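According to Swiss-Prot, the feature signal peptide maps to 1-16. Taken from Swiss-Prot, the feature compositional bias 'Basic and acidic residues' applies to 35-44, 249-266, 273-291, 385-394, 415-433. The annotation compositional bias 'Polar residues' is assigned in Swiss-Prot to 95-108. The annotation N-linked glycosylation site is assigned in Swiss-Prot to Asn182, Asn318, Asn396, Asn413, Asn435, Asn488 on the grounds of sequence analysis. Taken from Swiss-Prot, the feature compositional bias 'Acidic residues' applies to 184-202, 312-328. Annotated compositional bias 'Low complexity' per Swiss-Prot: 397-408, in sequence order. Swiss-Prot lists 444-466 with the feature domain 'Follistatin-like'. Residues annotated as domain 'Kazal-like' in Swiss-Prot, with sequence analysis given as evidence: 462-523. Annotation source Swiss-Prot lists domain 'EF-hand' at 634-669, citing sequence analysis. For Asp647, Asp649, Asp651, Glu658, the entry in Swiss-Prot reads Ca(2+) binding site, with the evidence type sequence analysis.
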Amino acid sequence: MKTVLLLICLLGSAFTTPTDPLNYQFGAHGQKTAEKHKYTHSEMPEEENTGFVNKGDVLSGHRTIKAEVPVLDTQKDEPWASRRQGQGDGEHQTKNSLRSINFLTLHSNPGLASDNQESNSGSSREQHSSEHHQPRRHRKHGNMAGQWALRGESPVDALGLVRERNTWKYNKNTVGLDENNNGSEEEEAGEEEDEEWGEETDYRDMKHRARGTSHGREYRRWQNENSRPSGEFLRDSSLPVRITKRHGEKFSMEEESQEKLYKEGKLPLSKKNHNEDQGEKRQSEESKEHFQVVNQRKHRAVTKRQDKEGSNAEEDDNDSGDDGEEDLGNVWREAVYEEEERMQSNDQDSITNKQKEEITAGDDSGVYREMQDYKGDKIKDVTHSEDNHYHHEPPNSSSKQQLQTSSSVESMNSTEHEDEVKTTGGSYHEESARNSTGKALPDLCRNFHCKRGKVCQADKQGKPSCICQDPAACPSTKDYKRVCGTDNKTYDGTCQLFGTKCQLEGTKMGRQLHLDYMGACKHIPHCTDYEVNQFPLRMRDWLKNILMQYYERDQDTSAFLTEKQRNKVKKIYLNEKRLVSGEHPVELLLHDFEKNYHMYLYPVHWQFYQLDQHPVDRSLTHSELAPLRASLVPMEHCITRFFQECDGDQDKLITLKEWCHCFAIKEEDINENLLF
């Protein structure tokens, strides 16, 4: 019986020896908990020996050996071979369950295969090591069991073994793994073994910390490679871990070999990190190069504007001057268009200043958008002002004629700037195509503006400059866009007219050539003294009728007159004594003016206010009068002489007082408060 009992104790101790590999738990910071590695005593509660796996976590690196309970009194008569067979079956079942768990782990996380292999090798090494230290314990257990058997005590009671069950739970993918941990021994035997293994436990704790740090680095690298959040890896068990010095040396050698691989860059993870670092460096270099290119563009744009200002100043100087031998009409026309060109030059300077400010504040694309918006606003203002000038009913004409003339004049003046933009853009695209084979010249003429009749072109050095527009290269126009020059020649459009003027620059003919009026050239009879005296009567009636038509249209759209203007015009419109528009004899017009004098006060002031825009100084230059004159010349051949005679002091400026005197407004009725 003693021999049988001794064999049972030896076999039970062999199968209850813990052979787990290193147990680690990586939390949020990849650190292990030291409490999980303490040796389990018989007094320790059952709750501390139970490990749980959280939802979505991956269990790896665990090996559990099913413990065998010592034979009870009822099992003493069983044959030893049957018990051995039962133990073998239990071990076989345990191995099969572990293989299924390892397969699930490797299938869910292929990247952890290396960790599992390392854990498997560690488990086998630890099992051999633990068997190496078992004979001494077995002899002690056998001696004590023999003494207690002589006293008649049960081996189970004598050894005080407690059956413990640990269960790991997989949430959603439940895998039940029952472990029978034989973790209770006598207090005396536990104390002796603690003293015996004290040195190894200290060494084990030290290696745990080193291995924890190494595995923490490997985990962080694996997490960066996958670039997605991964679950925490719990490598925890309630079973104690025993590492001998020989195992510690093997672990150290493995760590050194892994560190060498990472340092040499042989692992794919390190290669990927290296490529990512190179990509970030390239992106930073590209951003720096883009910033330098933007700064260079800004510097070139500022230089272009300075060069343009100098060229515009020279061109204005060349265009100035009058010929002393010219007659009074030609002198007036030349002064009108010199003033008009000077105004356009001032507008270009203001645009240039605005562009410089925008360049300082933002990039080139933002400057271009702001410049285009500004030009669009200028065109709208000029068009609206010209609408007020050209939508007038020509004296002694019907409403149908007035609408046709107004639409023709409006389209002609609204496309005047469009012709300039088109020709400039065409030259720019041709130049860009011309330089496509050589060095690229980006945005050289985009923000470089030339006055009418000239286009931008870059020279061999890449510097933009203004050259004369080729009249033959101007786009084709429709008949209503034709204009008549002061040389009594019809041009297809303003592009052709000012291109011809630019080619004749520096000559007497070039200085005299200007836009005379809209439409094809026709015979303009000479204005007699009688006709020029009747002209103010027709002009006053025309201004009054224009305001009435604007008021009628504003009742639906409110696009022509302001609220203050509508209130003023409403009183005239509702007056029953008002003379309706139409062709009336001169006598009737004079009678209505004397009878309803107050109805003509505001229309005369209103027309002066509409013309006095560049600048608003209570006086009209010939440039400010030119749009109105050019639109009315075909119908009123006396308008040029009328404006000349209104300038009593011949200073090329028509003040508000001179304007009102031309329309027979009394001096006491001249009121600047009506200029709205």
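Just so it is clear, glycine is given a Cβ too, placed from its N, Cα and C backbone atoms.
Worth saying up front: this structure is predicted, and the values here are computed from it rather than measured.
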*asked:* Looking only at the domain 'EF-hand' (634-669), what is the model's average confidence as pLDDT?
replied: 88
*In the same chain, outside Asp647, Asp649, Asp651, Glu658, whose C-beta lies within 8 angstroms of the Cβ mean position for the Ca(2+) site?*
Cys646, Gly648, Gln650, Lys652, Leu653, Ile654, Thr655
*Of the residues in the domain 'Follistatin-like' (444-466), how many are helix, strand and coil by DSSP?*
0 helix, 8 strand, 15 coil
*asked:* I'm trying to understand the geometry here, so how far is the Cα atom of Asp647 (Ca(2+) binding site) from the Cα atom of Asn488 (N-linked glycosylation site), in Å to the nearest whole number?
replied: 25
*Give the three-state DSSP assignment (helix, strand or coil) for Asn488 (N-linked glycosylation site).*
coil
_Taking DSSP as the reference, which of helix, strand or coil describes Glu658 (Ca(2+) binding site)?_
helix
*Calculate the distance in Å between the alpha carbons (Cα) of Asp651 (Ca(2+) binding site) and Asn488 (N-linked glycosylation site), and round it to a whole number.*
27
_Please count the residues of the domain 'EF-hand' (634-669) that DSSP assigns to helix (H, G, I), strand (E, B) and coil._
18 helix, 3 strand, 15 coil
_All-chain count of other Cβ atoms within 10 Å of Asp647 (Ca(2+) binding site)_ = 19
_Radius 10 Å, atoms counted are CB only; among the binding-site residues Asp649, Asp651, Glu658, which position scores highest?_
Glu658
*asked:* I'd like the Cβ neighbour count for Asn488 (N-linked glycosylation site), meaning other Cβ atoms within 10 Å of its Cβ, all protein chains included.
replied: 11
